[in-house]
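Some features that TrEMBL has for this protein:
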- 36-219: domain 'ABC transmembrane type-1' (DOMAIN)
- 40-60: transmembrane segment (TRANSMEM)
- 72-92: transmembrane segment (TRANSMEM)
- 112-132: transmembrane segment (TRANSMEM)
- 153-176: transmembrane segment (TRANSMEM)
- 196-218: transmembrane segment (TRANSMEM)
- 247-275: transmembrane segment (TRANSMEM)
- 290-480: domain 'ABC transmembrane type-1' (DOMAIN)
- 295-316: transmembrane segment (TRANSMEM)
- 328-350: transmembrane segment (TRANSMEM)
- 356-377: transmembrane segment (TRANSMEM)
- 419-439: transmembrane segment (TRANSMEM)
- 459-480: transmembrane segment (TRANSMEM)
Amino acid sequence: MLASLVPLVFVAVAALRTPPELLAQVLGTQRVAELLLNTGALLLFALPIIGVLGVGLAWLTERTRLPGRRVWRVLLAAPLAIPAFVNAYAWVSVVPSIGGVWGGTLVSVLSYYPLVMIPVAATLATLDGSFTDTAASLGHGPWRRFFSTVLPLIRLPLAGGLLLVALHLLSEYGAFAMMRFDTFTTAIMGQYQSTFASEAATTMAGVLVLACLLILALDGRLRRRTALARVGSGSARTAEPVRLGGWLTAALALPAGTVFLAVGVPIGVLVGWLISGGAAVWTPEVVEALLQTLGLAVLGAAVTVTAGWPVAHLVVRHPGFWSRLAERIAYIASAVPSIVVGLAFVVAALDLVPPLYQTVANLVVAYLVLLLPRVLVTLRAGLAQIPAVHEEVARTLGRRPLAAFWSTTARMARPATGAGFALVFLGVVNELTLTLLLAPTGTRTLAMAFWSASSEIDYRGAAPFALCMIVLSAPMTWLLHRLSPAAATGAGAS
């Protein structure tokens, strides 16, 4: 958890060193007001659409007789394998004039709706059907049953998924830069590229941290008001799937349209550029970047999952001030833009431990800080469903505490652990700015190579790297889909 403090201390120290008059001057400019309006508008438009779309798709694939439900579950999770900046690259290739808040909203919705859909679908898959049966017996119609029984029970994974989406939107750079949509993060990147350690950029990073604090406060308030336990006797009964009847065509149009826009368009554009470029675009550099990305992704995911387990265990099994503080620090640190996290670790390495500068160790620790919440939300959700009594029984049978933990809690939480590993793996594969700043000399990941080519408007040269990112991410996306029902709240429970 100490590593999570590095970017926060960096921002705080830089802000304290900033003269008050300069601080007031920066915060009072029209530019900051414009960035605040843009970032707020993005959250205002994207989050409700993502929430409604994610819940709707989850309900269709888990609670109805939608034809081909299993296939739709896989296809609808596929956007997790497509980085947001690759999605933006595809849409800019198809519609060069696209951009602004609506372009940013489009890419955000198509890239991040699975973070809501997957955890909500996992919860709906295990939901006790007696809740809706009771509401129906009281004469409640379909919509009233949904809002009075189903919605309260999926509120926790819904809020958790939206929390992760909001954190992504606050720190996303590549997609919005391609869309020519200015947010705090793109402005910070521009400031740092021109002055490296701009006081104005650090001040704007502080505004992002405050925004994250507000979002986390709202999430905490919602979580305290939510109860999930089933207290009745007997086992839960699986709900009977709903027949769609005359709504079948409309119901099929929603997942079909979503898959076409979120998966079909990017893949189609990439295939088009690859055909146009021919065999010449497949250089040895593609294979080298693929192998380096794979190695960093596996190492980063393993380290982050290992570090996340103690924190998640404390939060669930021993809730209190210190466990909540550790969890919140992790969330706040992850909301700091990647470039700020990267610069914080550059400064920390140079000032405190010079041998760590431009090493894999420094890069992996930075990945941990940035991606730890992905592990915490999955592990916390999984652990919350495992009664502590299992460990207690194992200890009463003579097993030592660690052996009791491994044979009960750790074993039962394997789906949540696997889901966390998959999410971090995807995050490392897709990470751009942090890797650019901290990667050792000679390291060139797929994201770095793609960004270099696309920045030079070499769309043909960028296509192989984008396709390799998707291919590398696809198995983990499938694994996440397979594990989410067992993990029960998947990627987004908070």
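A Cβ is built for glycine as well, from the same backbone N, Cα and C atoms used for every other residue.
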If you count Cβ pairs under 8 Å, which stretch among 40-60, 72-92, 247-275, 356-377, 459-480 touches the transmembrane segment (295-316) the most? 356-377
When you scan the chain for residues with a C-beta under 8 Å from the transmembrane segment (459-480), skipping those not six or more beyond its ends, what do you find? 74, 77-78, 80-83, 86, 89, 93, 118, 266-267, 270, 273-274, 276-277, 281-283, 286, 289-290, 293-294, 297, 418-419, 422-423, 425-426, 429-430, 446-447, 449-450, 453, 490-491
Where else in the chain does the transmembrane segment (153-176) make close Cβ contacts, counting only residues six or more beyond its ends and a cut-off under 8 Å? 39, 42-43, 46-47, 50-51, 54-55, 58, 83-85, 87-88, 104, 107-108, 111-112, 115-120, 122-124, 127, 131, 182-186, 189, 208, 211-212, 215-216, 219, 222-223, 226, 228, 331, 334-339, 373-374, 377, 381, 432-433, 451, 489-494
Using a Cβ cut-off of under 8 Å, list the residues of the same chain at least 6 residues beyond the transmembrane segment (419-439) that approach it. 80-81, 83-85, 173-174, 189, 293, 296-298, 300-302, 304-305, 308, 337-339, 341-343, 345-346, 358, 362-363, 366-367, 370-371, 374-375, 378-379, 382, 445-448, 451, 469, 472-473, 476-477, 479-480, 483-484, 487, 490-491
Checking distant contacts: for the transmembrane segment (356-377), what same-chain residues at least six beyond its ends satisfy Cβ-Cβ under 8 A? 3-4, 6-7, 160, 163-164, 167, 296, 299-300, 303-305, 307-309, 311-312, 315, 327, 330-331, 333-334, 338, 341-342, 345-346, 349-350, 420-421, 423-424, 427-428, 431, 434-435, 438-441, 489, 491-494
Where, among 40-60, 72-92, 328-350, do we find the most CB pairs under 8 A to the transmembrane segment (247-275)? 72-92
